[in-house]
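Visitor: The structure is given below, and queries will be raised subsequently.
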């Protein structure tokens, strides 16, 4: 498995015109439904929002990683947005989010493989060069290329 | 070089756990600090910390919003923060961790750390033991020095007993209080190291019982380990209905663990000690003065065997009893033998600095004062930290001192006083030879320690 199996072009928003956290999450969930990864959009969005209520997933440096585990997810998947206007995500460092990766995981986990990829992505996001590349990406394909090259 | 460890965890275990781990790793790399980060996420525990690494670590950073099995860090400096802090301010966490005091004085001693190939178990045993010893050490030092100081006041009176209500008596009481906590704290913190907070209560109670029944520091070590494993076992095995779960930590575990260690101490440990005391006394009495030199050697070895435990108490009480019968030589042998363990270990730390850690060398200086004051307990931290090698050394040195004292016919007319009593006219018979026995005993102790103890490995 590689990251391109988790992230399809339907769930990449470049740029996203969403102006709120809720809107951004709904938009990405819709994209994941279009790609077939999400079957019950409402249930998945509920899970993601419930996670946001616990504590924001805005990890700082302009990055947010909303995520949720839900029966509404058929197979593990990713969505990516770069916002036209950075969105307030109640981040740890109070900086608005420039990019967001949304993670969807099915209730019943089938193997660890996809988790390893998400783990690798989480680790990579800490590094500034990686974030800069994503922020400057010009096309959906470039986003996928960057991820494939750095994560596999 | 200070090594750091960290553990990261979050409830979902997908993102934050690993971001915090990466953040900490990155910040540590930038500062040139070695760090190992254990992650506890959805894929399980990865990069798990070993007991060896924990033992060697300077401090541990826990950035987690879930349970991370913290018991294994008992006795180590721990910085506990939310997982988000690990992502947000990793550099600050590393600076805080570096600024922490190293875990414990003697605890940091690499000299007696079990060899690597001895595996996990002895390592844990040593860790629990050292947690007790390092917490006990300040009490020995404070209590011992204050008691020694009280002798100075008693000295002016021409005897060794403090006048009631005098300042010397007050010092003696204070020092005695501190020394009295020694076995209790040793037991309590061994148990705490094993079982965490629930281990403290049974450990302390076991320690008090060990002290009261005269089981000495060895009794305290036994009480601490037994209490700790009882508490640990109870926490693991007791299952409560959900509604009563809250009662487990505040009622069930404390009552059962204290009761269990208490009954064990009273019925299983206490009775044999009483028999031992009676038997030893009878044996010493039978020996009488048949072979004076042999008696001196036996009394001496007993003084050093458990330094305040049943053997030591029996030898001391036996000698004090003979003072009433105007037999002064056993008392002299006992005091000489009681002075040599702390004096010998001090000499060893002076002769071979590289065998001891900085903390041990400092403790050695204090031990010299305690030795001069006939406070044998000053050597306990060294004995407890490495019993197999150190206690036999003490016993040989003390046996030599006791035997020589008897041989020279040294006599002591007071039951205590250490070096202070040497200045009281007519308190000691054959003074120069008596001092010589103490000096020779001290040298023998030091040489034995150096012979048996291994060289301290290079500093980490």
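Any Cβ shown, glycine's included, is placed from N, Cα and C.
TrEMBL does not curate its annotations; it predicts them automatically.
Copied straight from TrEMBL:
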type	residues	note
DOMAIN	B:2-99	domain 'PTS EIIB type-2'
DOMAIN	B:125-460	domain 'PTS EIIC type-2'
TRANSMEM	B:136-155	transmembrane segment
TRANSMEM	B:167-195	transmembrane segment
TRANSMEM	B:215-235	transmembrane segment
TRANSMEM	B:247-270	transmembrane segment
TRANSMEM	B:282-304	transmembrane segment
TRANSMEM	B:316-337	transmembrane segment
TRANSMEM	B:394-414	transmembrane segment
TRANSMEM	B:434-452	transmembrane segment
Visitor: Looking only at the domain 'PTS EIIB type-2' (B:2-99), how are its residues distributed among DSSP helix, strand and coil?
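Guide: Grouping H, G, I as helix and E, B as strand yields 42 helix, 26 strand, 30 coil.
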Visitor: Averaged over the whole of the domain 'PTS EIIC type-2' (B:125-460), what is the pLDDT?
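Guide: A mean pLDDT of 86 is what the model gives the domain 'PTS EIIC type-2' (B:125-460).
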Visitor: So if I exclude everything within five residues of the ends of the transmembrane segment (B:316-337), which remaining residues of that chain have a CB under 8 angstroms from its CBs? That is, six or more out.
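Guide: Result: 281, 284-285, 289, 292, 295-296, 299-301, 303-304, 374, 398-399, 401-406, 409-418, 428-429, 434, 437-438, 441.
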